[in-house]
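Novice: Structure provided below as structure tokens; questions to follow.
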Amino acid sequence: MSNQHSSTAAPSSYILDSANQPTSFDGNEQGDVNPKPLDHIRPVCNLETQMSNLPTDSVYASQPDGGLVAWLQVLGAWVLFFNTWGAMNSFGVFQTYYESGVLFDRSSSDIAWIGSIQTFCLQAMGLVAGPLYDRGGFKILIVTGSVGVVSGYMMLSLCEEFWQVLLAQGFLIGIAEGCLFTPMISILPTYFSTKIGLATGIASSGSSMGGVVYPIVMKSLMYNIGFAWTTRVLGFISLGMLLIPIIVMRERVKPALRVHRDLIDLSVFTDWPFIVFVIATMI
């Protein structure tokens, strides 16, 4: 009888200390069981504490790899690609208009700085947006970036000088797009595993679609309603579309389960394979 009860599991709210043996029980002939004091049993530690100590890979091990919520993230990312890289791909229309001298008189090389700074800000913002995302700033980045893009277009509609356009389109819109870029490429791997290639491909096609739609809209409106109202229309289009990711996109992996890093992490510059990769990408 005692042997039969010796294998009885401890209550679910306790686990055995690895330094001790399982509890044994003494029973009499009538089948009464008198357990020994459970001195060597300790309470289960908090689940969140246990999970936070797990390797990062284990947190991503249970991606749903599909489902309505997962594909809504793809839709949201598609919209973000449309309004970031898609808008960036249409800068040639802006440059052609600026070179016409209607708004200001500057050389082509000077005008090219607007698009170059916009592209630089979009990618350089990853230095700050990445750690903010890891600290749970997903929604903050999405909302801030969306407001910045819309505000940038509205400010651009008021510009009459080169330096004003440089600030509104190059810096403001560029930084705002950088706030959107990091979340949209970071969220999909938390929802997909085997279908991550398909999901990323669908989402990134938004940049190509934006590069087709934006130039058509701009060419149709620029010489009919003027530069100011054309950029305002772009702002209204962005406002309507960017409400979609704000509403449907959500974090699946909680910030407490992520690996935190400094806001500006300079340790990456000690990773020589990564540095070589970055240099090769630049070339």
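Glycine is treated like the rest: Cβ placed from N, Cα and C.
Look at Swiss-Prot and you will find 68-88, 111-131, 136-156, 165-185, 196-216, 227-247, 263-283 tagged as transmembrane segment, backed by sequence analysis.
Help me understand the surroundings of these features in the structure.
Specialist: Long-range contacts of the transmembrane segment (68-88) within the same chain, counting only residues at least 6 positions beyond its ends with a Cβ under 8 Å from a Cβ of the stretch, are 115, 118-119, 122, 142, 149, 173, 177, 180-181, 183-185, 187-188, 191-192, 199, 202-211, 213-214, 234, 238, 241-242, 244-245, 248-250.
Beyond the transmembrane segment (136-156), the same-chain residues lying 6 or more positions past its ends with a Cβ under 8 Å from any Cβ of the stretch are 80, 83, 87, 129, 165, 167-169, 172-173, 175-180, 182-183, 187, 231-232, 234-235, 238-239, 242-243, 245-246, 249-251, 254-255.
Same-chain residues lying 6 or more positions outside the transmembrane segment (165-185) and placing a CB less than 8 Å from one of its CB atoms are 76-77, 80-81, 83-84, 87-88, 94, 98, 103-104, 113-126, 129-130, 133, 138, 141-142, 144-149, 151-153, 155-156, 159, 200, 203, 245, 249.
Under 8 Å from some Cβ of the transmembrane segment (227-247) lie the Cβ atoms of residues 75-77, 79-80, 82-83, 87, 97, 102-103, 139, 142-143, 146, 149-150, 152-154, 156-158, 184, 214, 217-218, 221, all in the same chain and six or more residues away from its ends.
Listed as Cβ neighbours of the transmembrane segment (263-283) (distance under 8 Å, sequence separation of 6 or more from its ends, same chain) are residues 127-128, 130-132.
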Novice: Report, as numbers and ranges, which residues of the same chain sit near the transmembrane segment (196-216): CB under 8 Å and 6 or more residues beyond its ends.
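Specialist: Sequence-remote neighbours of the transmembrane segment (196-216) are 70-71, 73-74, 77-90, 92-93, 184-185, 188-189, 234.
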